[in-house]
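Asks: Straight out of TrEMBL:
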- Cys501: active site, nucleophile (ACT_SITE)
- Cys377, Ala378, Gly379, Pro380, Gly381, Gly382, Lys383, Glu402, Asp430, Asp448: S-adenosyl-L-methionine binding site (BINDING)
- 9-19: compositional bias 'Basic and acidic residues' (COMPBIAS)
- 31-53: compositional bias 'Basic and acidic residues' (COMPBIAS)
- 371-578: domain 'SAM-dependent MTase RsmB/NOP-type' (DOMAIN)
- 1-83: region 'Disordered' (REGION)
- 337-374: region 'Disordered' (REGION)
Amino acid sequence: MGGTGVNADHFERRDDRPGGGRRNGHGRSGSGRDDHGGRRRPGGQDDRRDARGRQRPAARVRGERSTSRQAPGQRAKRTDPARTAAFDVLREVDESDAYANLVLPPLLADRRIRGRDAGFATELTYGTLRMRGRYDAVLAECVDRPLDDLDAGVLDVLRLGAHQLLGMRVPSHAAVSETVALARTNVGAGPAQFVNAVLRRVSEVSLPEWLERIEAGAPDRLTGLATVQSHPLWVVRSLREALAGHGRDPGEIGDLLAADNEPPRVTLVARPGLVDVSDDDAWHDADLVPGRWAPTALVLDGSDPGVVPAVRDGRAGVQDEGSQLVTLALAAVPLDGRGAGGPARNEAPQARATDSGGPVSEPEPSTSGPERWLDLCAGPGGKAALLAALAAQRGATLVANEVQPHRARLVRRALDAVPDGVVEEVRTGDGRETGTDEPGAYDRVLVDAPCTGLGALRRRPESRWRRTPADLATLTGLQRELLASALDAVRPGGVVAYVTCSPVLAETQLVVTDVLRRRDDVERLDTPAVVRSVLRTEPDGTRPDLPLTGGAGARDDVQLWPHVHGTDAMHLTLLRKH
Ligand SMILES: C[S@@+](CC[C@H](N)C(=O)[O-])C[C@H]1O[C@@H](n2cnc3c(N)ncnc32)[C@H](O)[C@@H]1O
């Protein structure tokens, strides 16, 4: 497909650009450092971008960077701070394996890029990373050599241009000229001419036509779908297999991949007992609507969660609704035998209400002190904070364990708002040893296992390109050991929740089946019934109809999906030890 691509050799390479002209994967061009190796000076911007992403001249002038080595004549076109921010984040993601969602917000704050400019930079950064596979296929049609042979900074500029042309409503002339200006400042004047020529080629064809061409040129349908929907082929294969294995139609794969490309709505968790939805002071001016499934979920429309007082002080947090549901389910499932339940301090009625068809009942009163709960893999602490709030209502206590010290620190911070006496300890340790060190010591154990995260691709734009099939082998071994340890750490009659933010069969069903094959003291619980029992109740007393696969009773685990439930693809299996 396509004609002859643009030849990069026709354009002069300038080595006077910051970082020189190294090749893709090894270069440091446009690294976010100034000529002396320091951070670039912040280029403060306000709401000067128009609705279509164009920047008004005053903002351009005020936001220009002062570190260009180019002659004044070459700097005729000023660089837009939002595009520069996106470029700098892309370089950092490539060079330092950084996470865009951790790098971008502080960078925007540091450079005082706010309002529409911040929104533009965010959409440009995340969209470019997410849709990289699609744009690379388009760019490959417009360049006369493998993209891997291009300078890494030049390739990132081209991707940013492609996203503006094909994924955002930026007018073509603005997308090309602003991106060429970005190239001139960051990768040099010669490459900027090359960028200009390539982006003009990209802009000559509409997105639907590009996608048609990509599909037509693909060796098979699945490869075409993977490229068009910008996922690595091995990920598409794993997800399609997961759909089938979890009882869904593998033909849904297109919808699933499309849902992965939609930025998720910001969902907050109102930690029960710590904050009330009707408390105006807690939510400030936030525009909130109840979540679809979890009684604790609030969907935030438009504003920054960081300005919500309850989020700032830990009474609420940002948390996917699927994560909330699996945590609520672990807290709601009845225990057997001694130590089951505890006197409620301030019970949340919805968390314990019984589903019409489900077996969930009120826990028996404790005969041996408060329940002890364990979060075995707690960092950074989202589920631990919800568990701790629920534990406070039940008179239970929580131990949070995390192997990485810096993530254990994040857990401590996440637990800031929890009343004294609820959290026994936040410890740094290897969860694989807990079962041996503390056999039978806990009533409820959460294993939110380290996983590929292939169920949360919506919120981690670069992660699909980082993961490899080899990760699966390492992770599934660790997952088995952690689940086995959790089952040793729970007392007879107690419950373990095995959770992943991946639907991949090797990390979900196969781990559970394999661990259970080696022991005869564990029973699978009716997880769908428990999850249905914790769903929010409508004012008329009904609950939403949570579609789960396989028909009633056909499956004993729960798999959520972005394209079905609007949540991350969280997996939950509830297990009871005899
Ligand atoms: C999926 S994350 C947990 C997310 C967390 N539950 C939350 O909701 O914020 C998995 C965590 O397990 C930790 N981890 C990995 N190996 C571990 C081990 N051997 N023991 C304990 N934690 C481990 C990782 O560092 C990571 O923080």
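In case you wondered, yes, glycine gets a Cβ from its N, Cα and C as well.
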Asks: Far apart in sequence but close in space: which same-chain residues, 6 or more away, have a Cβ under 8 Å from Asp430 (S-adenosyl-L-methionine binding site)?
Replies: Val403
Asks: Around Lys383 (S-adenosyl-L-methionine binding site), how many other CB atoms lie within 10 A of its CB?
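Replies: Its Cβ has 26 other Cβ atoms within 10 Å.
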Asks: Whole-number Å distance between the CA of Cys377 (S-adenosyl-L-methionine binding site) and the CA of Cys501 (active site, nucleophile)?
Replies: 13
Asks: So the record assigns Cys377, Ala378, Gly379, Pro380, Gly381, Gly382, Lys383, Glu402, Asp430, Asp448 to S-adenosyl-L-methionine. If I measure every Cα pair among those residues, what is the longest distance in angstrom, as a whole number?
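Replies: Looking at Cys377, Ala378, Gly379, Pro380, Gly381, Gly382, Lys383, Glu402, Asp430, Asp448 as a set, their Cα atoms extend up to 19 Å apart.
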Asks: Quick one: give me the count of other CB atoms within 10 A of the CB of the residue listed as 'active site, nucleophile'.
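Replies: For the residue listed as 'active site, nucleophile', the 10 Å Cβ neighbour count is 27.
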Asks: How big is the Cα-to-Cα gap, in Å, between the residue listed as 'active site, nucleophile' and Gly379 (S-adenosyl-L-methionine binding site)?
Replies: 14
Asks: Let me know how many other Cβ atoms fall within 10 Å of the Cβ of Cys377 (S-adenosyl-L-methionine binding site).
Replies: 24
